[in-house]
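Engineer: I'd like to ask some things about the structure below.
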Amino acid sequence: MGEFKIHSKFKPMGDQPQAIDTILKSIKQGNEFQTLLGVTGSGKTFTMANIIENLQRPTLILAHNKTLAAQLCSEFKEFFPENIVEYFVSYYDYYQPEAYVPQTDTFIEKDASINDEIDKLRHSATSALFERRDVIIVASVSCIYGLGNPDEYKKLTISLRKGMQKERDEIIKKLIEIQYERNDIDFSRGTFRVRGDLLDIIPSSTSSKGIRIEFFGDEIDRIREFDVLTGTIIGERNHVSIFPASHFATSKETVERSLGEIENELENRLRELNSQEKLLEAQRLRQRTNFDIEMIREMGYCSGIENYSRILDGRAPGTPPKTLIDYFPEDFLLFIDESHVTLPQVRAMYAGDRSRKNTLVDYGFRLPCAYDNRPLKFEEFEKKINQVMFVSATPAQYELEHSQSIAEQVIRPTGLLDPEIIIKPVKGQIDDLYTEIQETISRGYRILITTLTKRMAEDLTKYMIELGVKATYMHSDIDTIERMKIIRDLRLGEYDVLVGINLLREGLDIPEVALVAILDADKEGFLRSETSLIQTIGRAARNSESKVIMYADNITKSMKKAISETERRRKIQTEYNEEHGIIPQTINKEVRELIEATKVAEESTEYGMEVTKSLTKKEAKKLIKEYTDEMKLAAKNLQFERAAQLRDKIEELKGKE
């Protein structure tokens, strides 16, 4: 059994040692909630890694989007190269849930494009939890959605040992039961092939390695691992576990029991609809459900089988679904990164799902059991927590009220201080800002400007360009790839000024930024709340010469709190630096880490061009093949936005064939 072991040339510095000790002491005392209040650039991820190494427990890290989850996953893989670090996010590249619009009598069928690479990673994550304890899973909030029952998943796992008495056909039968498909030609993940006394299987958790079972009569003579592409034998195995090809795989006994319950629920619901004289809805429900029942009876599953998961799991109506959290052992550790953003997402999930399901059930598209194929309610999520650490530079009220221990990480290993804050009047703010921009550019640095509206961001950018400033703007309409390209170009000096509305998202920690300007700082609201202001101020905390200018005629409560907190931190940091003889150093962050994303963006701009108009059918076919290969490679390298863009282009080309 492996143990967590950090590989890093760094040792905990600054506030990290005391933060690690405080959190560890709290967790070892059995406290359920703790918070790491770490300023931007203080090395919160490294602190988390040290806590994991010390406690040696399976760990779930929750992030608020796929991009941030992928970044964290990469960082933890570097810290723990000998251990298992997995990535668990929604496997949909595109997802349109089934819905019904009564006003227009329009039923929208579920439409989804599943990313095979992410599905593989999800299976890899769940199977790892059954095999080892040194496992870290970085997940998005989609992990609180219903997943198959872990007990059923474990029960259906096929355990094979060398020397075991087992007929080949019996294993084949079990593989089909857990949703593997026989395919002797297109041998891929989740399939098996048979050649005489050889049975080759590609497990659901990998696409590069296969398992070869060699039989001698009814005995397993040999188990070998091989490279799927080359066929080269990698090594011998004494034992292998084949996990189900679907998290919703169910045993025959469960299916038989469940079909009766589905039929009972159907009869009860039909009586209810008929009594309300909803004859069309009753007819629709009977037809749709009977079709699903026949599919389950014949195949063991149907499209949308997750809508019957409550019955398949044997749960009572209204009870919480099984999720990724249920695959963890009871003593697992939970980190919620950027908790001030992630927790509100967890809270909002259930309500959005319920309102859509109401319409489907009311109009006879689904049985009431579909209500229980859902994300967890917030209270249910809380009950599943063993011990949790919230991680944020600006923890919200929930985190602060619930935490029995709060560790502050104010000192940065680089000695950098929180930036100086200057308040200037709104009158003449644009002219003053232009002067400040010129002064900052003359020192070789960059500028971030945050406005309140998209229109203002566009107008200000246009005005700056007219004055000869290399400026651009960024808003929510710009996708992740284009966003990464803009950041990279800002860092390389293609632009000197970046204007935006909400510049708080991950990835905007840019060492070259020496000025952050906040326009209309005294307009109270979401974008000028204490949390938003502190987060925005933090964008200037990567450069030793940086400052923040707030343009305001009045000092609001939010401004006062944000300024006061920044000054408090700055005082602590200054005293620490003087005491230890530390000179603040601007972070030296290579632009290299954005090049892959930039390359993607540069290539994807070609995809948006009208190049398909002049293509012949043969050329279109060739291009489709090239894009398909590239899409699969992009997905494999976790470049999911690029893969999605390529997928859209493939669809467009198919229409031109």
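Cβ coordinates are placed from backbone N, Cα and C, and glycine is handled just like the others.
So Swiss-Prot lists the following for this protein:
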{"type": "BINDING", "residues": "Gly38, Val39, Thr40, Gly41, Ser42, Gly43, Lys44, Thr45", "note": "ATP binding site"}
{"type": "DOMAIN", "residues": "25-182", "note": "domain 'Helicase ATP-binding'"}
{"type": "DOMAIN", "residues": "429-595", "note": "domain 'Helicase C-terminal'"}
{"type": "DOMAIN", "residues": "621-656", "note": "domain 'UVR'"}
{"type": "MOTIF", "residues": "91-114", "note": "motif 'Beta-hairpin'"}
Engineer: Determine which residues of this chain, when Gly38, Val39, Thr40, Gly41, Ser42, Gly43, Lys44, Thr45 are set aside, have a Cβ within 8 Å of the centroid of the ATP site's Cβ atoms, and list them as they appear in the sequence.
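Structural biologist: Neighbours within 8 Å of the Cβ centroid, excluding Gly38, Val39, Thr40, Gly41, Ser42, Gly43, Lys44, Thr45: Thr47, Ala393, Gln409, Arg412.
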Engineer: For Ser42 (ATP binding site), what is the secondary structure state per DSSP, taken as helix, strand or coil?
Structural biologist: coil
Engineer: Any same-chain residues 6+ apart from Lys44 (ATP binding site) with CB under 8 Å of its CB? Would you list them in sequence order, or say none?
Structural biologist: Leu36, Gly38, Val391, Gln409
Engineer: To see if you understand the setup: which same-chain residues, six or more apart in sequence, place their Cβ under 8 Å from that of Val39 (ATP binding site)?
Structural biologist: Ala393, Gln409, Val410, Arg412, Asp418, Gly538, Ala541, Arg569
Engineer: Ranking the binding-site residues Gly38, Gly41, Gly43 by other Cβ atoms within 10 Å, which is at the bottom?
Structural biologist: Gly41
Engineer: Using a 10 Å cut-off, grab the number of neighbouring Cβ atoms around the Cβ of Ser42 (ATP binding site), all chains included.
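Structural biologist: If we count other Cβ atoms within 10 Å of Ser42 (ATP binding site), we arrive at 28.
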Engineer: Take every residue in the domain 'UVR' (621-656), average their pLDDT values, and give the whole-number result.
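Structural biologist: That stretch averages a pLDDT of 71.
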Engineer: When you measure from the Cβ of Thr45 (ATP binding site), which residues in the chain that are at least 6 apart have a Cβ under 8 Å away?
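Structural biologist: When sequence neighbours closer than 6 are ignored, Thr45 (ATP binding site) has Leu72, Glu75, Phe76, Phe79 within Cβ distance under 8 Å.
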Engineer: What count of other C-beta atoms do you get within 10 angstroms of the C-beta of Thr40 (ATP binding site), across all chains shown?
Structural biologist: 20
